[in-house]
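S.K.: One structure, as structure tokens, below. Some questions next.
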Amino acid sequence: MTQLVTTEEMQELDQYTMTTIGLSEDVLIERAALAALDVLGAGAYDLSNVLVLVGLGNNGADGIALARLLHQLHIPVSLQFVGNANKAKPAVKHQLQIAEACGVPRSEKSDFKQASLIIDAIFGTGLNKDLPDGLQKMVKAANHIESTVVALDLPTGVNGTTGQIMGAALKAKTTISFGFIKAGVTKNPGKKSAGQVLVKDIGIVVPEDFQFSIKEQ
């Protein structure tokens, strides 16, 4: 049996784990990055030139931490911000400081053809409106050249609750769901963008009285 969650439920559980239980945001980010590294290290992906696409929210922070771990293993990797890094959440800026101190390189342009693997860490459960036009164009360009994509938590552009496509969606070979699988990747059209969905435990704590809105499947 698999427990699915809505984006709102996942955000509530994240918050409970941090504020009530006391696991810090940095700990959860590191666990998410290590969980993703575990998947990438299983041998199913070409890691000769990894490009990590990073957004300005918590999903981006996970991606930056993963890039650092890959770099420390001497795997060729570069970071590319999608959006203005100066407007990023504090967690993203903090992870970027660590990554820069470790020497993780940054890319200023989308060279999808050169990447052996693209890590999608642009938008996760925080997406609640259509992607900006510029990002939609970038997503469509990546899909057009059929890059191999691994999405962290959710493919960018997929509504995590409904499975709706929010303007455009990056098509992933694999989606690594942290904590619980988001309902949106089990429903079309979002399901078609998610590829193989794997769930990884990162230490999210569920209150005893918590009521999931979706029954286990």
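Here the Cβ of each residue, glycine as well, is placed from N, Cα and C on the backbone.
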S.K.: Check TrEMBL: it lists ASN58, ASN59, GLY60, ALA61, ASP62, GLY124, THR125, GLY126, LEU127, ASN128, LYS129, ASP130 as binding (6S)-NADPHX. Then name which of ASP26, ASP38, ASP111, ASP153 it lists for that same site.
M.R.: ASP153
S.K.: Figure out which of THR148, THR156 sits with ASN59, ASP120 in the K(+) site per TrEMBL.
M.R.: THR156
S.K.: Rank the binding-site residues ASP120, ASP153 by the number of other Cβ atoms within 10 Å of each Cβ and report the first-ranked residue.
M.R.: ASP120
S.K.: Please compare the binding-site residues ASN58, LYS129 by how many other CB atoms fall within 10 Å of each one's CB, and tell me which has the fewest.
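M.R.: Sparsest of the binding-site residues ASN58, LYS129 by Cβ contacts within 10 Å: LYS129.
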S.K.: Give the distance between the Cα atoms of THR125 ((6S)-NADPHX binding site) and ASN59 (K(+) binding site), rounded to the nearest whole Å.
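M.R.: On Cα coordinates alone, these residues lie 8 Å apart.
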S.K.: Using C-alpha atoms only, work out the spacing between THR156 (K(+) binding site) and GLY60 ((6S)-NADPHX binding site) and round it to an integer in Å.
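M.R.: Here the two Cα atoms are 11 Å apart.
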